[in-house]
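The ATP binding site annotation in Swiss-Prot covers K12, L13, S14, G15, G55, R59, T162, N163, Y168, D171 and is backed by sequence analysis. What Swiss-Prot records for G54, D74, T135, G136, N137, P138, Y139, F140, T141, T142 is UMP binding site, and it gives sequence analysis as the kind of evidence.
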Amino acid sequence: MAEPVYRRVVVKLSGEYLAGPHSFGIDQPTVDRIADDLIAVQKLGIEIAVVVGGGNMVRGVEVSSQGVSRATGDTMGMLATVMNSLALEAALQRKGAPAVALSAFVMPQVCELFTRAAAHRALAEGRIVVLGGGTGNPYFTTDTTAVLRAAEIGAQAVLKATNVDGVYSADPKKDPAAKRFDRLTHSQAIEGGYKVMDATAFALARETSLPIIVFSIAEPGAIGAMLRGEGRGTIVAG
């Protein structure tokens, strides 16, 4: 078995993926499978923080299109990510894994507040850190949150888990001629307008010299495979 490429990473999970085969809510078998994957990665000696999206509950942009202000819609979406983080924390703990949910919002009755010190301490204690609440500010995506938190906690890479095995020149589900890239620079990802992450996330990763690895999480063990350098995906770096 190959040695892990990185020792501390941030994994970005979409809220939509947590819904599993459903269009809304949390699919427990899917959450349990992700928890198993994260536990297996931790056993490789890798420190893991996970940023979860909220699209299975609320998407701020969609809510704002229905008359709610964008700032309010985004706040609703960020609160949805807290619910998802609690679901993942519970699944990990139920399987015997040390895990803690940290929120960008102050909600002491629900979970701990994210601070750099709290995250560093939890990782040093061997806990899987699940990050909810986005950045705590509207207008920023959870992709940008993942890069921001990675920079804050000194992670070596961001793993963007998606439903496709990398970055393509076009949507491979719609265009059979779409080309998959093995590697892109941050600037190429921004200039290409690839929709796998937003430009702000790529720009922050470029500024902080953080590689982003885009891969499919569809198969069990995909996160570990990518971290051992054995998986199929796109590396965005440089």
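Cβ coordinates come from backbone N, Cα and C, glycine included.
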(message) If the ATP binders are K12, L13, S14, G15, G55, R59, T162, N163, Y168, D171 per the record, what's the largest distance between their Cα atoms, in Å?
(response) 24
(request) Write down the Cα-Cα distance for T162 (ATP binding site) and T135 (UMP binding site), rounded and given in Å. (result) 20
(request) Excluding G54, D74, T135, G136, N137, P138, Y139, F140, T141, T142, please set out which residues of the same chain place their CB within 8 Å of the center of the CB atoms of the UMP site, keeping sequence order. (result) G60, G77, M78, G134, T144, T145
(message) For each of T135, N137, T162, count the other CB atoms within 10 A of its CB; which of these binding-site residues has the top count?
(response) T162
(request) Tell me the Cβ contacts of G54 (UMP binding site) under 8 Å, same chain only and six or more apart in sequence, or just say none. (result) G15, G77, M78, L79, A80, T81, M83, N84, G134, T142
(message) Can you check which residue among the binding-site residues Y139, Y168 has the largest number of Cβ atoms within 10 Å of its own?
(response) Y168
(request) Using S14 (ATP binding site) as the reference point, find which of the binding-site residues N137, Y139, T141 has the shortest Cα-to-Cα distance to it. (result) T141
(request) Let me know the DSSP-derived helix, strand or coil state of G54 (UMP binding site), please. (result) coil
